[in-house]
Amino acid sequence: MHNDSNSGAPGTPSGRIRRRRGSNEVPPEVVKANGNHLLVNDRSKYKSMLIRAYSSVWMIGGFAFIIYMGHLYIWAMVVVIQIFMAKELFNLLRRAHEDRHLPGFRLLNWHFFFTAMLFVYGRMLSQRLVNTVTLDKFLYKLVGRFVKYHMVTCYFFYIAGFMWFILTLKKKMYKYQFSQYAWTHMILIVVFTQSAFTVANIFEGIFWFLLPASLIVINDIAAYFFGFFFGRTPLIKLSPKKTWEGFIGASITTIISAFLLANMFGRFQWLTCPRKDLSTGWLDCDPGPLFKPEYFTLPEWFPAWFLSREIAVLPVQWHALLLGLFASIIAPFGGFFASGFKRAFKIKDFGDSIPGHGGMTDRMDCQMVMAVFAYIYHQSFIVPQNLSIEMILDQIILNLTFEEQLAVYKKLGQIIQERTFGES
């Protein structure tokens, strides 16, 4: 229904009555993104676009520099992002009045956070840490002890936090404290599930981190610009500013970009080689069949102005198309979920750490969904399912002492010698 603005005189009570908007209605500030109005016609939106573009340029530049620095620096970047996300989410349900009566309660949240960090990264990177110190006997034994007792150490850290929480319980504050305890654990699950898969992708080869992350960025930028200049039709009520024009335009752009970026990234060993230790040196490896070009001859009807009748395609580019399809169709639902979450708590953004973009969590909503899919896809369709020599050696180095490894070496030599004499 549409109320006539002239139906009541300004001086009458009826003229002062304000109609209450329904919860599922499109807010007036975003109506111009739909119907017959375009955001491009709203001059006030250009300032917001410029701020957003300026922040994006700085983020992309910093991201490119960290990629150049290598695996460890990318991991450090992920840790920093985790800390920002946790801070934003911890603050979401905080109430200043209750916190004043609970000194040290915030510190307890961070105790659980760093305990979770030690557990997740300790399990994920223990083998690479062992590979890094193999040549130093003292460090090798020290790291071996850490790996052996890692789980029990993390358990006692957690139990210490659990006891700390119980001892801080105060009368009339139980409900608030238990809600914060549950909220903290939910945050840890969300943040560390995403980051664990992200870090695993990094050490499998920067390619498997960089391509999915880049596709989300491209999809986000393309959706913004297609929606800004052409958006008319609302896509979903949870995000009234999202339009079908932006969604479709971004999907096409993302899928094409996936095919082209895979070809570009796949030609650099720095991006394709997995990192087996925690060093920062240059990588040199056999890229494998996925990153070796295959040549295709274009048909005769292809336009004559094309530079060559033969094109080189990396097999990984076909996999990239599926990643691009997921990034453009499925991953945006992570953003829709975040939009619904923010509406539930009546907030515009999770934070304000990135001008024009909101908080770090606002930038990571789709990335979380994409990182998990990229890891599962890589493990299911890219990594060989049979045991490799490297995997067997990793298990020997990780689980056996130096004396046991020496015994395996002698026994293996004996078996090979017996087989050699038997064949002769």
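If you go along the chain as it appears here, the first residue is 1 and each next one adds 1.
Using the three backbone atoms N, Cα and C, a Cβ is placed for every residue, glycine included.
Note that this is a predicted model, so its numbers are computed, not measured.
Database features (Swiss-Prot):
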- 1-29: region 'Disordered' (REGION)
- 60-80: transmembrane segment (TRANSMEM)
- 102-122: transmembrane segment (TRANSMEM)
- 149-169: transmembrane segment (TRANSMEM)
- 183-203: transmembrane segment (TRANSMEM)
- 206-226: transmembrane segment (TRANSMEM)
- 246-266: transmembrane segment (TRANSMEM)
- 321-341: transmembrane segment (TRANSMEM)
- 369-389: transmembrane segment (TRANSMEM)
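The stretches the transmembrane segment (206-226) and the transmembrane segment (149-169) are not in mutual contact, being linked by fewer than three Cβ pairs under 8 Å (pairs 6 or more apart in sequence). Spatially, the transmembrane segment (369-389) is not adjacent to the transmembrane segment (149-169); fewer than three Cβ-Cβ distances between them are under 8 Å for residues at least 6 apart in sequence. Same-chain residues lying 6 or more positions outside the transmembrane segment (60-80) and placing a CB less than 8 Å from one of its CB atoms are 117, 195, 198-199, 202-203, 206, 209-210, 217, 270, 275, 278, 280.
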